[in-house]
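Quick look at what TrEMBL lists:
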TRANSMEM  32-51  transmembrane segment
TRANSMEM  72-94  transmembrane segment
TRANSMEM  100-121  transmembrane segment
TRANSMEM  198-218  transmembrane segment
TRANSMEM  238-267  transmembrane segment
TRANSMEM  279-298  transmembrane segment
TRANSMEM  318-342  transmembrane segment
TRANSMEM  354-375  transmembrane segment
TRANSMEM  395-417  transmembrane segment
Amino acid sequence: MQGMLLFTLTAIFPSLRPPSCTYSPCQGPTTWQFAILFMALALMTVGLGGTRFTGAAMGAAQFGDENDRDTFFSWYLVAMYISSIIGTVGIVYIQANLGWVLGFGVCSVIAAVGFVIFLLGNRYYRHPKPQENPLVDIFRQILSRAGKRKAASESSERLLCCSKVDDGAVEPQTTIECPRSQEEATTQEVKQEDELTILLRLVPLITTGIILSFYLGLQMSTSFLQALVMDLHLTPSLTIPIGSISIFLILSATLSIPLLNYLLYPLHRFLTGQHPTSLARIGFGFLITTLAMVYGALTERKRLHDLQTDAQPMSVLWLVPCFMLVGFGEALHFPGQLAFFYQEFPESFKGSGMAVSALQSGVGSYATSAGIGMIRRFLDGWMADNANESRLDKVYWLMAGVGAVNFGCFVACARLYTRKKGGKS
């Protein structure tokens, strides 16, 4: 909210932004103006990192049943997608037609209202008890594994000392906290080892999500290049801005989640007697996304073929099925990932488990930028600035190949993965 307020102030006060400019050379921002801008961006980043997926973990903690949590994650994402649609269409329209001040102002008011509603519901929430920083336990376990023999020796010596104290054989010079049993003495060490082991087992599955984010980002960039040379008319009098073509993906995901929850999942449960597991949903999402890349390759090949015989550019609506497939795949794997990580992460890492999806998306975005640079450098002509002079169909086939390999790796990792105690097989 504070970051959005700073953005609003930069739109209201001319001194907080560079002067408007029509002809070059233009006056650049001052150091003070840069500081205000970066402060606003930093506050927005910290705020989103602390609320978007941590809020999902807090919401899931209100439910005791795993199926109820799965439903919550699905509707939580529906709310996120609807807000994205409102921002992509409504807020952009306000800023473009009614001014930046009103656009940022509306965002600030919405953020303030959401904050007040959150505070009003505070007394009705279940509040988990605060715990020690889990990273401290993990760090201790790493040190313990590095010096395992020494730690085992010290533990045995401590137990022997405690035993002598209990028998009255020696008089302790200092206060010694003695466990009541050997089992209790090793409980904390086993807990730490289990947490570290669980996190290490999750790394391969997290990696497959990063690869998924990589080629999804590459698909989005490729689609924008295609849209630049395509007919953007939805109707004879209505065109869609290039920056808004991703709205079809968001719409598809928003509509697919209720379809899955209230039709396809119950049908699966009726036919098999079981609710699809989170790993199964993630896997099917990966598969659908790979099929979307295949469709994109075939569509681009047709576009390039028609370009040689038809002067009229292909309609941008040819890209819609690809976005719809990607959105349907996202409706499968995104809620599945949230549910899986919440279930499988150690208790002290529940909030961090929710943030893994953001981590995958962020690392995948950096990988996308690096991938585009490598394609342009080593695969000449595949991804030029002009899509008509490129071979984007080969880029799509590359993404389909990466997706197929990633899907195979995910299936192998999922089969080898050992669920945490209490998790569904």
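Placed from the backbone N, Cα and C atoms, the Cβ positions cover glycine too.
Just so you know, TrEMBL annotations are computer predictions that nobody has curated.
Keep in mind the model is a prediction, meaning the values are calculated, not measured.
Sequence-distant neighbours of the transmembrane segment (354-375) (same chain, 6+ residues past either end, Cβ-Cβ under 8 Å): 49, 52-54, 56-57, 60, 206, 209-218, 221, 334, 337-338, 341-342, 345, 382-383, 395, 398. Comparison of 32-51, 198-218, 318-342, 395-417 by number of C-beta pairs under 8 angstroms to the transmembrane segment (238-267) places 318-342 first. Through the fold, the transmembrane segment (395-417) approaches residues 201, 204-205, 208, 211-212, 214-215, 218-219, 222, 279, 282-283, 286-287, 289-290, 293-294, 296-297, 300, 375, 382-383 of its own chain, all at least 6 residues removed from its boundaries and within a Cβ separation under 8 Å. Long-range contacts of the transmembrane segment (198-218) within its own chain (CB-CB distance under 8 A, at least 6 residues past either end) are made by residues 138, 286, 289, 293, 326, 333, 337, 340-341, 344-346, 349, 356-357, 359-361, 363-365, 367-368, 371-372, 395, 399, 402-403, 406, 409-410, 413-414, 417-418, 420.
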